[in-house]
Amino acid sequence: MKIALLSRSRKLYSSRRLIEAAEERGHEIQVIDVLRAYMNITSHKPSIHYKGEELEGFDVVIPRIGASVTFYGASVLRQFEMMGVYPLNESVAITRSRDKLRSLQLLSRKGIGMPVTGYASKPDDIKDVIKMVGGAPLVVKLLEGTQGIGVVLAETQKAAESVIEGFMGVKANILVQEYIKEANGADIRCFVIGGKVVASMKRQAPNGEFRSNLHRGGSAEVIRITPEERSTAVSAAKIMGLNVAGVDLLRSNHGPVVMEVNSSPGLRGIETATGKDIAGMIIEYIEKSGKVGKTKTRGKG
């Protein structure tokens with residue numbers, strides 16, 4: 001197969017591993033920087049150009065699109081879909097999962113466990129927003145934040161009011177969520193491929209920190225998940241429409257709660273913690289499922 005890997009750099013761990021896995025299995029793979037690709041939006045003959053040449057003959061496209069380039073990256077991916085190239089994750093699923101509020105609304109509609117969450121822009125009554133999610137301590141999140149950036153734990157009522165007022169002052173849209181104290185600063189990353197959890201790890205926040213993101217100094221170790229956690233992760237990925245996803249869960253007193261569904265999960269942490277060849281599993285999934293023209297939306301999303 002001829003595979004297009006949408007990535008800003010072939011030197012990134014996840015990109016490097018996918019290239020290795022594809023080439024080991026005899027596939028041709030080309031790394032394409034989405035920001036350097038440009039498109040011809042023409043009726044009946046959509047095309048993508050890169051470095052002065054038209055991109056042709058691809059069977060599969062693997063999107064590794066960073067959050068900061070979601071809009072343009074999804075546009076390039078959508079163009080591939082319109083050309084009949086099979087996407088590992090479809091553009092509509094990626095944009096859906098990147099919208100934190102939309103994701104939570106979809107998950108709640110299907111009855112997936114989640115922390116009690118409020119959404120606000122300029123609430124008239126901040127105290128009522130805080131009361132709505134059960135009071136302090138609580139977590140305030142920027143809607144557009146990633147890797148733990150823009151996430152604040154407010155431990156008291158006064159702190160919560162100050163944080164919310166501060167975000168409002170810079171005209172930021174925020175999520176206000178209950179703090180799952182019983183999780184003890186740990187979350188579970190479930191790696192889902194093709195409707196199955198193929199690996200899972202526990203990420204633990206360092207002392208004095210509540211965010212367990214590896215980018216923030218958290219540690220990771222392999223963990224055995226429960227059947228309910230497995231089912232929740234698979235369902236969350238399916239609701240988002242993602243073939244490959246990193247589903248982040250917390251263990252709460254009322255069962256597993258989904259914190260985020262990541263459409264472009266990193267491979268370094270999960271491969272290091274579990275010792276599994278996740279990149280190889282992704283390529284194997286593509287070999288079984290990646291048929292030209294087999295795109296549910298054909299770029300209509």
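The backbone N, Cα and C atoms fix where each Cβ goes, glycine too.
Summarising the annotation, Swiss-Prot assigns domain 'ATP-grasp' to 104-287. Swiss-Prot lists K141, E178, Y179, D187, R211, S212, N213 with the feature ATP binding site. Look at Swiss-Prot and you will find D248, E260 tagged as Mg(2+) 1 binding site. Annotated Mn(2+) 1 binding site per Swiss-Prot: D248, E260, in sequence order, evidence recorded as sequence analysis. What Swiss-Prot lists as Mg(2+) 2 binding site is E260, N262. Per Swiss-Prot, the feature Mn(2+) 2 binding site maps to E260, N262; the stated evidence is sequence analysis.
Summarising the environment of E260 (Mg(2+) 1 binding site), the number of other Cβ atoms within 10 Å of its Cβ, over all protein chains shown, is 19. Counting only same-chain residues at least 6 apart in sequence, those with a Cβ under 8 Å from the Cβ of E178 (ATP binding site) are P115, V116, T117, V133, G134, L138, V139. In terms of Cα distance, the binding-site residues that sit within 10 Å of N262 (Mg(2+) 2 binding site) are D248, chosen from K141, Y179, D187, D248. Under 8 Å, Cβ to Cβ, and six or more positions away along its own chain, D248 (Mg(2+) 1 binding site) finds D187, I188, R189, C190, V258, M259, E260, V261, N262. The secondary structure of Y179 (ATP binding site), as reduced to three states from DSSP, is coil rather than helix or strand. Fewest Cβ neighbours within 10 Å among the binding-site residues Y179, D187: that distinction goes to Y179.
Averaged across the domain 'ATP-grasp' (104-287), pLDDT in this predicted model comes to 89. Listed in sequence order, K100, G150, V151, V152, I174, L175, V176, Q177 are the same-chain residues at least 6 apart in sequence whose CB falls under 8 Å from the CB of K141 (ATP binding site).
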